[in-house]
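So that you can see what the record holds, here are the features copied from Swiss-Prot:
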type	residues	note
ACT_SITE	C169	active site, acyl-thioester intermediate
BINDING	R71, G72, G73, Q74, V75, T76, Y77, H78, S138, L139, G140, G151, L152, A153	substrate binding site
DOMAIN	32-207	domain 'BPL/LPL catalytic'
SITE	K135	site 'Lowers pKa of active site Cys'
Amino acid sequence: MYQDKILVRHLGLQPYEPVSQAMHDFTDSRDDHTPDEIWLVEHHPVFTQGQAGKAEHVLVPGDIPVIQSDRGGQVTYHGPGQQVMYVLLNLKRRKLGVRELVTLLEQTVVDTLAEYDIDAHPRADAPGVYVGEMKICSLGLRIRKGCSFHGLALNINMDLSPFLRINPCGYAGMEMTQMRQWVENATPGIIGPLLVSKLLALLNNPPHEYIPA
């Protein structure tokens with residue numbers, strides 16, 4: 001298979017742990033000829049704690065499980081109505097540095113939101129994407145064997161209240177927002193493919209294929 005090709009999988013609504021395990025298995029077993037993949041998924045409610053995450057940032061988890069992750073960053077929340085995009089890229093093959101990939105993912109979200117006239121921006125002091133001072137997208141990556149995994153989570157049409165149970169990404173009082181505030185009918189089903197197309201454009205439009213999960 002042509003190495004530059006990217007396979008795109010729609011996984012729907014899934015528990016966090018099996019998808020995380022599948023992502024690790026994919027990364028551990030891939031070689032120089034394995035095509036890159038992008039996974040679109042929504043997760044059942046879960047807090048994920050980053051590799052350097054501090055327990056004090058998990059305030060009152062209540063009935064939502066807290067799962068340790070090996071991505072960068074602090075604690076965040078995933079739930080239905082949030083589009084998670086995992087980027088499983090061979091950075092060496094694509095001649096991308098880690099910082100370049102972070103910038104590229106942030107720009108992907110900025111470009112996606114611009115389609116709906118939402119003026120968003122990254123911040124030098126806090127990874128992710130913001131509208132004004134409010135965070136709309138979280139970002140966390142891990143690199144192994146020159147390949148990326150984990151990715152981004154864009155708030156679209158969800159219950160934001162669980163974010164009040166944590167210090168999102170380690171910032172006390174960080175206000176979260178979502179696309180629904182500006183676009184009433186936004187859904188992951190609509191926004192997910194747009195995110196993928198914006199990312200592919202920034203990767204110079206490599207060949208890609210949507211495949212069944």
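Every residue, even glycine, has its Cβ placed from backbone N, Cα and C.
Features recorded in Swiss-Prot, as mapped to the structure shown.
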| residue | record | DSSP (3 states) |
| --- | --- | --- |
| R71 | substrate binding site | coil |
| Y77 | substrate binding site | strand |
| K135 | site 'Lowers pKa of active site Cys' | strand |
| G140 | substrate binding site | strand |
| L152 | substrate binding site | strand |
| C169 | active site, acyl-thioester intermediate | helix |
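For the domain 'BPL/LPL catalytic' (32-207), the model gives a mean pLDDT of 96. Between the farthest pair of Cα atoms in the substrate binding residues (R71, G72, G73, Q74, V75, T76, Y77, H78, S138, L139, G140, G151, L152, A153), the distance is 15 Å. Least packed by the Cβ count within 10 Å, out of the recorded positions R71, K135, is R71. Cα-Cα distance from Y77 (substrate binding site) to K135 (site 'Lowers pKa of active site Cys'): 12 Å (rounded to the nearest whole number).
For C169 (active site, acyl-thioester intermediate), the number of other Cβ atoms no farther than 10 Å from its own Cβ, over all displayed protein chains, is 22. Cα distances from K135 (site 'Lowers pKa of active site Cys') to the recorded positions R71, L152, C169 are smallest for C169.
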